[in-house]
Amino acid sequence: MKIAVLSRNPRLYSTRRLVEAGIERGHEMVVIDTLRAYMNIASHKPQIHYRGKPLEGFDAVIPRIGASVTFYGCAVLRQFEMMGVFPLNESVAIARSRDKLRSLQLLSRRGIGLPVTGFAHSPDDIPDLIQMVNGAPLVIKVLEGTQGIGVVLCETATAAESVIEAFMGLKQDIMVQEYIKEAGGADIRCFVVGDKVIASMKRQAKPGEFRSNLHRGGSASLIKITPEERMTALRAAKVMGLSVAGVDILRSNHGPLVMEVNSSPGLEGIEVTTSKDVAGMIIGYLEKNSGPHMTRTKGKG
């Protein structure tokens with residue numbers, strides 16, 4: 001197969017591994033800098049050009065679209081879909097999962113376990129918003145943040161009020177969530193490919209920190225997940241419409257709670273921790289499932 005990898009940086013671990021895994025299995029792998037591709041939208045034959053030439057003959061496309069380029073990245077991916085190229089994850093699913101609020105609303109509607117969550121812009125009764133999520137301690141998040149940036153733990157209601165007021169002054173939409181103390185600063189990253197959790201790891205925040213993101217100095221270790229956690233991860237990925245996803249779960253006193261569903265999960269942490277060939281499994285999924293015009297939205301955007 002001829003497989004495109006949409007990635008701003010061919011040297012990133014995840015991009016490198018996907019290219020290696022594809023070549024090992026005999027495929028032609030082409031890395032395309034998402035922002036440098038440009039499109040002919042309104043022609044009878046949709047096209048993408050890159051470095052002055054049309055991109056043609058691709059069987060599949062692997063989107064590795066960073067959060068900051070979601071809008072343009074999804075547009076390029078959608079154009080591939082219009083051309084009948086099979087996407088590892090569809091543009092609509094990526095856009096859906098990048099909107100944290102929409103994700104939680106969809107997961108909640110399907111009855112998937114979530115921390116109690118409030119959402120506000122300029123609340124006229126801040127103490128009521130704080131009570132809505134069972135009071136302090138609580139976590140406040142800016143909607144656009146990634147890798148644990150824009151996430152604040154407030155130990156008291158007074159601190160929470162100050163932080164909410166500060167974000168209001170910045171005209172930011174904010175998410176207020178109950179703090180799951182029993183998780184002890186740890187979460188579980190379940191790596192979903194197709195209808196299986198192919199690998200999972202526990203991420204533990206460094207001492208004095210509550211954010212377990214590896215980018216924030218958290219450490220990763222092997223973990224055996226429960227059948228309920230496995231089911232939760234698979235259902236969450238399915239609700240988002242993602243074929244490949246990193247589902248972040250907290251262990252709480254009332255079962256597994258989904259924190260986030262990541263449409264472009266990093267491979268380094270999970271491969272190094274579990275010694276599994278995750279990149280190879282992703283290519284294997286494409287081998288089994290890809291075909292022209294096989295998107296669930298049938299390439300109609």
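Cβ from N, Cα, C; glycine included.
Summarised as a single figure, the pLDDT of the domain 'ATP-grasp' (104-287) averages 93. Taken from Swiss-Prot, the feature domain 'ATP-grasp' covers 104-287.
The ATP binding site annotation in Swiss-Prot covers LYS141, GLU178, TYR179, ASP187, ARG211, SER212, ASN213. Proximity of GLU178 (ATP binding site) to non-local residues of its own chain (separation of 6 or more, Cβ distance below 8 Å) is seen for PRO115, VAL116, THR117, VAL133, ASN134, LEU138, VAL139, given in sequence order. DSSP assigns GLU178 (ATP binding site) to a strand.
With a cut-off of 8 Å between CB atoms and residues at least 6 apart in sequence, the same chain places LYS100, SER103, VAL247, ASP248 near GLU260 (Mg(2+) 1 binding site), listed in sequence order. According to Swiss-Prot, the feature Mg(2+) 1 binding site maps to ASP248, GLU260, an assignment based on sequence analysis.
Its own atom aside, the Cβ of ASP248 (Mg(2+) 1 binding site) has 21 Cβ atoms within 10 angstroms in the protein chains shown. According to Swiss-Prot, the feature Mn(2+) 1 binding site maps to ASP248, GLU260.
Per Swiss-Prot, Mn(2+) 2 binding site is recorded for GLU260, ASN262, and the stated evidence type is sequence analysis. Summarising the environment of ASN262 (Mn(2+) 2 binding site), the number of other Cβ atoms within 10 Å of its Cβ, over all protein chains shown, is 22.
Marked as Mg(2+) 2 binding site by Swiss-Prot: GLU260, ASN262. In the three-state DSSP reading, GLU260 (Mg(2+) 1 binding site) counts as strand.
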About how far apart, in whole Å, are the alpha carbons (Cα) of LYS141 (ATP binding site) and ASN262 (Mn(2+) 2 binding site)? 16
Take the Cβ of ARG211 (ATP binding site) and count every other Cβ within 10 Å, whichever protein chain it belongs to. 20
Local Cβ density at LYS141 (ATP binding site) - other Cβ atoms counted within 10 Å: 21
Length of the line joining the Cα atoms of ARG211 (ATP binding site) and ASN262 (Mn(2+) 2 binding site), in Å: 16
